[in-house]
Structures are given as structure tokens and as C-alpha cells.
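Quick look at what TrEMBL lists:
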type	residues	note
TRANSMEM	A:12-28	transmembrane segment
TRANSMEM	A:35-56	transmembrane segment
TRANSMEM	A:62-85	transmembrane segment
TRANSMEM	A:106-127	transmembrane segment
TRANSMEM	A:176-197	transmembrane segment
TRANSMEM	A:218-240	transmembrane segment
TRANSMEM	A:260-286	transmembrane segment
TRANSMEM	A:307-325	transmembrane segment
Amino acid sequence: MSKRLSVKTKTILTILFVILMALLITVADKKASDYVVLILNLIAINIIFAVSLNLINGMTGIFSLGHAGFIAIGAYTSVLLTLPIEQKEITYLIKPLISPFNRIELPFLPAILIAGLVSAGFGYLVAAPSLRLIGDYLAIATLGLGETIRVIANNAWSITNGALGLKGIPSYTNLYWSWGWALITVVAIASLVSSSYGRALKAIREDPIAAKAMGINVFSHQVMSFVIGSFFAGVGGALWAHLITTIDPKSFAFVRTFEILIMVVLGGLGSITGSIIGAAIYTVGLEFLRVLESPFKIWFINYPGVPGMRMVVLSVLLIVLMLFWQRGIMGRNELSWDSIVSIFAKLKRGGKR
Amino acid sequence: MRLSDFVQHLINAFSLGGIYALIAIGYTMVYGILRLINFAHGDIFTYGIYFAFYGVTLFMFPWWLSFITAIFFTAFLGALIERIAYRPLRNAPRISALITAIGVSFFLQNFATVVFGGRAKSFNPQTGMYPVYFLKILKLGDVRIRLVTLITLSIVAVSLLVLVWIVYKSKVGMAMRAISKDIPTTRLMGVNADRIISYTFMIGSSLAAIGGILWAMTYPQVYPYTGMVPGLKAFISAVVGGIGSIPGAMLGGFILGVSEIMIVALFPSIAGYRDAIAYVILIFVLLVRPTGILGVEVSEKV
């Protein structure tokens, strides 16, 4: 057996790791091309989405398919708060924006926080009635909910500018914002999961009835998990909107939830580090697959480049993944300093033989 | 609203509800047997339309032959999907099967984009898809109905009757009903469960194809995402009626179709929210009766 690291060593290692990451991000912010910065931002935002969905789906066992809806709420709320007043006057052509939003222009941080809180509040409103449902029915209800939010966004012209969407969003999101929030998300959810609350959530996932018998208030725990998950989905939505700078209802279709689900499943349902890895691999992989959509030549075969091909490959990958490797990269395990050390120890021993 | 308008809307509502019912049956039969929400069913519907389209344009079949071959090919596609993607996961956790189903749906949509192209193809009589006289308007007093609506209604009725006959009178149907109760025991009785499950997928998919062709006659175009909205609504119909129950799927389909058309007809100001009506009904029904109108109460296993 390998020796376990002391708490002190682990804390130091973690702090060093965070500092290292911060340095890397500073360097990237100064030196890297716009394209690389965009990808790095997307990775961070996808980490926020994946980790928050994993709290709901993987840790608590509520199979929610409404994440895109909460992302939409976060995105729209923050944009309504930060969009410059002149821009609002230009954008809302068909119906003017309702008061008080037409007079508000807030800085980014309060807008993000309010976006998260509105999303969380909505999560609470939804969770309370729909968590009475179990299993597949809950999945269906949340799917319906996410789609309803999209339909409303498509039609509430005086708030969301309907199908035209919102343009000219100030591009506040940079690497510090996105990775900062990714760090907050991961720390918050990881400490929640390792607390007694987290153990209760896992007990509910394994067997709600047994958990109830042990005196856990299943309902309130599930609601809490759902609300926290929707808070971070809202935050991620706000960051995403201020990165892309245009949003419309189509950006929050069911496909969005589905993509996040792939990240979570790829990384391992129920593993936070897994979700981080999954989000990173998915985001970067999607970019690599762009090759398939541009023409190239292998030996004498000309490949014309087919638009849409990468999505085909991606969905085949997901199916193959589910058929042969259901547990994903991490399963339910976490990548911790202990496990890294033991991996290195194993490699060393293997080398000696 | 005048009475004639009301009757007109009601007939349209029933023909839409009938299409929802046809698709909903596919969801409900698969769920009844495998406890799997077959997310790809809406895309099977789309492929039904594509097969019919290419039967006419590529192979120059007359429309009726093209429709029949499309139904056969779609049935085969459904069975193929089950064989490749769902059968290996039959004993896996249900969440894996569900995610696979979402993956299959995603695959079918994107495959269609790559192979058939992302642009909408027109499915109207001018392109030879079906005879022009289907669009003739019949006048019964003040009520004006397009012939295609009546054809839709009658094909739906015939399909539902055939289905009821298969499920409740034939041997295969008996095996299906047995499997939905208990797969291992049914196997012990000498029933080849795999084959029956394939048949189930075939029947569900061919109904989806019929629904798809009828849908395309009313909304005359097809593109890779055609099946998404009707698929979702049919799925909601199945849940509203009580997923797993065939009469429930029919009832749910008609409830959804009628309420959608009627609400839009009565309150034109909320017409934009048309697609949300289904979800509102869904959430309302689930809260009142979590297993749907005709669903069976499932007791929690302790």
C-alpha cells in the first residue's frame, strides 16, 4: 500500500496547483492567439456546466434534462442587466423592452450573481413540484421544462427580443472571469459533496428509500442539489453570453443539455474531476474534429470535407462509449493527490521490474 | 367562433392528434417492454419521410409504392437500431440506455444532415410526392376541409385498428404483452424475446413512418430535424396518456392534438406559445397523476 499524504502536503500541493494554473492563464491571456483564448474560455465555462449538471445527475441521481433552460435564464438575465442602454434601444425593434430593464446597466459581477440567483430561484420553483416525480418521469418533466423556457424566450418579445435574439453584448468574459468562476464552482461543489450533505446526496442516489429510512430528508436534499446546480448553470450561462456576445433562443435548445450530458458521461457520472476532464476533452475534441469538415488528402484519396461530419463522428463516439465503456474515464472515482502519487508509485515499481 | 369554424378546427385537430397518436404508440410500446425512452423515435419518423421522398425522386416509384417501401425500410431501420444500440445494453443501468438513445437520435439527425443535406426538401404534389387532388377542398355546408385531412384521419384509423388487432388478437401481440410484464418468465415459456422485441420496434417504426408521411403531406417539407418537435410532442402524448399503455398513447395523442389546435384557434394571441402548450399539459398531468391518465401505479420497491 502506498502511503497517504498528510492534509498539510495536500493543501500545499493544491495551492501550488492553483498558482500554477493562474500563471498559465496569465501567460495565455497575454501571449495566446484569440482562437486559443476562446477555446480556453469555453473549456472553463463547460467545466462549470458539467460540474453543476453532475451534482444533479451524478451525485444526487436526479436525471435532469433541463440544464439548457437554466443556462438560458442565466444568460438572458445577465445580458438584460449589462446591455448598454443605447444598445437596448437599437435592438428591441418589434416591442420595446419592459421597465425596469430598459434603464438598468450594471457591471459584470453583480449581473453574474443576479443571473445565478434568478436561475437558482427558478430552479427552486421548478424543483419543489417536479421532484415529486421519480426516475424517467422526472427526466421527462425537466426536458419539458427546458424546452418551455426556450419557447417562452422565443415569444416574449418585450423581454428577450424573441427569435431575433440579443446582439452587441459587451464581451466582458475573459480568462480570469471564466476560470475564476470555474474554480469557485469546483471548490463549492467539491466541498459540498465531501460534506455530510454530500454523503446524504450519494445515499439518495443509491437508494432513496433506504436514505429516507436513515432519517435523511430526501426531498429537501434533492431540492438543494437542484437549486445549487441551477445557480451555477445560470452563472455559466452569463459567462457564455458575454463570451459569444450574441444569444438567441436557439442557442439553448435541447442539444445544449445533450452536449453537457456527453461531457459528464465521458468523464464519469458522479465524479467531479471526471466532469472537468470530460469538459476539457469534449471542447478540445470538438475543435480537432473540425478537420473532418475541411478537405484533406490521405495518400491519393481526396476527402472533400463534409459539413456536419464532426457531429456524426461525435454521436457515434458517444454510442460506442456507452456500449463498451459505460463508466467513462473516471467512473465514480476522483483524481486526488493520493491517487496521483499512487499512480506514480505504480509506474516506478513497474519500471524496476 | 361559428359552429362551422369549430367543426373545421376539430377535424384538423383530430388529424394532428391522430399523427401524434401514431408516433406515441412507438414510444409507449418500447417503453412498455424495455422501460426505455427511445429518444430516436422522432428521427425514425424523419427517416420515414426521407425514404418516401427518395423513393419518388431517386427511384422514380409511383407515390403509393414509394410510401409502402418507405414504411418497410423504416421498420427495418427501427429494428436495426435496436439490434446495434439497445440490445447490448439490455441489462445495463437504465441511464446508460437512455443516454445511448439520445446518442442515436443525435446520430440520426446529423447523419441525415451529411447524407441528405441540411436544406429542407419540398414534399408537395408539384414534385410528384402525392397526387394533386389530395389538396382539393371539400365543402360540406359551411365546413371546408382539405381532402388530405380526411385521408390522414382515415389512414390513422385503419392503422390504429390494425395495431389493436395485432396487439390484442395475434400471437405476436400476446407475446409482446407477456414480455412487457416479465421477460425471463416469458422466455421460459418458449418465446424468443429478442425476436418479439425486434417486432415491437418494427411495428412502432412503421407507425412512425406512416405518421411521418401523413405529417409531410400536411406540412410539405422535410429536413433533418423535422421529427424533433412532433417526436417530442408524441412522446409527451405517451406520457400524458400513461407511458406503456397503448390506449393511453392514443388518448394522449388526441388530447394533445385537440388542445393544441383548439387553444391556438380560440386564443390567436398566444399562437406563438403553441409548442409550449404540450409541456404545460405534461407538467400539469404529471403533477396530478404521476404515471399518466391511463398509467399503472408503480409501487416503490423496497
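Using the three backbone atoms N, Cα and C, a Cβ is placed for every residue, glycine included.
Counting only same-chain residues 6+ beyond the ends of the transmembrane segment (A:218-240), those with a CB under 8 A from a CB of the stretch are 41, 44-45, 48-49, 51-53, 55-56, 59-60, 62, 64, 67, 70-79, 111-113, 115-120, 122-124, 126-128, 131, 173, 177-178, 181, 185, 188-189, 192, 197, 200-201, 204, 208, 211-212. Non-local neighbours of the transmembrane segment (A:260-286) in the same chain are 39, 42-43, 46-47, 49-51, 53-54, 57-59, 65, 67-68, 186, 189-190, 193, 202, 205, 310, 314, 318, 321-322, 327-336; each lies 6+ residues outside the stretch with a CB under 8 Å from one of its CB atoms. Long-range contacts of the transmembrane segment (A:35-56) within the same chain: residues 25, 28-29, 62, 64, 67, 71, 173-175, 178-179, 181-182, 185-186, 189, 192-193, 201, 225-226, 228-233, 235-236, 239-240, 243, 257, 260-261, 263-264, 267, 269-272, 274-276, 278-280, 282-284, 287, each at least 6 residues beyond the stretch ends and with a Cβ under 8 Å from a Cβ of the stretch.
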